[in-house]
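A.B. asks: Starting off with a structure, shown below.
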Ligand SMILES: N[C@@H](CCC(=O)N[C@@H](CS)C(=O)NCC(=O)O)C(=O)O
């Protein structure tokens with residue numbers, strides 16, 4: 001029988017999967033989720049932790065025998081018994097099917113929909129609407145499957161139910177209001193059955209279903225942004241880890257935090273991130289205020305994916321990037337202006353997004369070629385000779 005410690009932050013739904021599995025199997029599991037035993041954002045960055053769990057992510061499991069595992073599904077699998085995992089190859093494969101379904105069909109829309117309501121992600125209407133549609137699709141599949149079944153696989157709770165129910169915890173608590181869940185009664189019946197099993201209840205406590213769909217919490221979001229700027233507090237605590245840990249866990253049980261606080265701990269990863277060094281700190285102040293130039297020249301919005309993620313370059317770079325060619329036969333080419341003399345992307349880990357997908361060439365600012373290209377790219381007109389005939393004959397997508 002497995003025995004060991006699960007490192008996590010409090011109220012982590014990924015850790016719940018392992019904790020519930022252990023409740024069923026009888027695996028002896030200690031949970032280290034508070035200082036001094038474990039402080040998320042600190043302990044998981046120590047060399048000792050990284051030596052066992054190279055990603056530095058939680059949940060992470062270490063057996064009393066030294067056996068280490070990361071990835072919540074693997075940990076929950078390890079802490080299960082055969083009844084939970086599926087006793088035959090077919091049943092075990094069906095369990096795995098639902099575990100994967102949770103990861104790929106539920107978690108992405110659940111996160112996109114719920115995170116803004118908790119203030120840990122900016123609201124994007126289109127993304128939220130898409131998430132609702134994706135969630136409806138997953139719910140419809142589940143509802144159909146559960147039409148004639150009590151549990152997802154077989155006649156008893158399996159790891160499939162544990163995993164899928166835990167992945168839906170936040171949607172059921174936060175956004176699946178009665179009218180939204182009304183078309184999927186089998187799913188709600190199954191979810192309520194699961195979370196009311198004693199083994200679930202011991203871990204989750206009382207699960208209250210959402211009454212009114214939570215909306216984007218702009219105030220909380222602003223607070224979180226400020227928090228991210230603030231360096232984390234130093235970890236306190238003596239050596240008597242186990243005892244003090246137990247006391248804290250008990251206190252926590254008595255006083256469950258509000259939902260937004262619960263998930264703060266995950267976001268604390270970002271909050272605890274050391275502030276990245278300014279790659280331009282060594283350069284003298286420049287008279288060329290790029291941000292202002294861009295606003296005044298009204299350079300249009302550009303290729304969204306890469307550019308959205310390069311927001312931090314806003315004040316030190318600008319570009320005009322165009323898509324040449326026709327559908328399924330196109331090429332992207334652009335002109336960039338950076339502060340300093342070097343290509344900006346390699347200067348900071350925050351900027352190294354997609355830049356390797358392109359070839360980069362420094363232009364001689366005094367050359368005729370440079371003057372032509374500046375004119376062409378900023379006006380979106382011209383021969384664009386360097387792009388190549390094939391693409392250049394097509395349309396320029398602006
Ligand atoms: N696929 C992993 C995801 C684990 C994960 O992303 N954990 C986050 C907390 S929500 C973490 O520990 N992040 C710490 C970090 O990235 O430094 C699992 O299911 O265990």
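Note: Cβ is positioned from N, Cα and C throughout, glycine not excepted.
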A.B. asks: Could you check which of 180-222, 223-265, 266-308, 309-351 is flagged in TrEMBL as region 'Disordered'?
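C.D. replies: My reading of TrEMBL: the region 'Disordered' range is 223-265.
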A.B. asks: Tally of helix, strand and coil residues over the domain 'GST C-terminal' (88-216) according to DSSP?
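C.D. replies: Taking the domain 'GST C-terminal' (88-216) as a whole: 90 helix, 0 strand, 39 coil.
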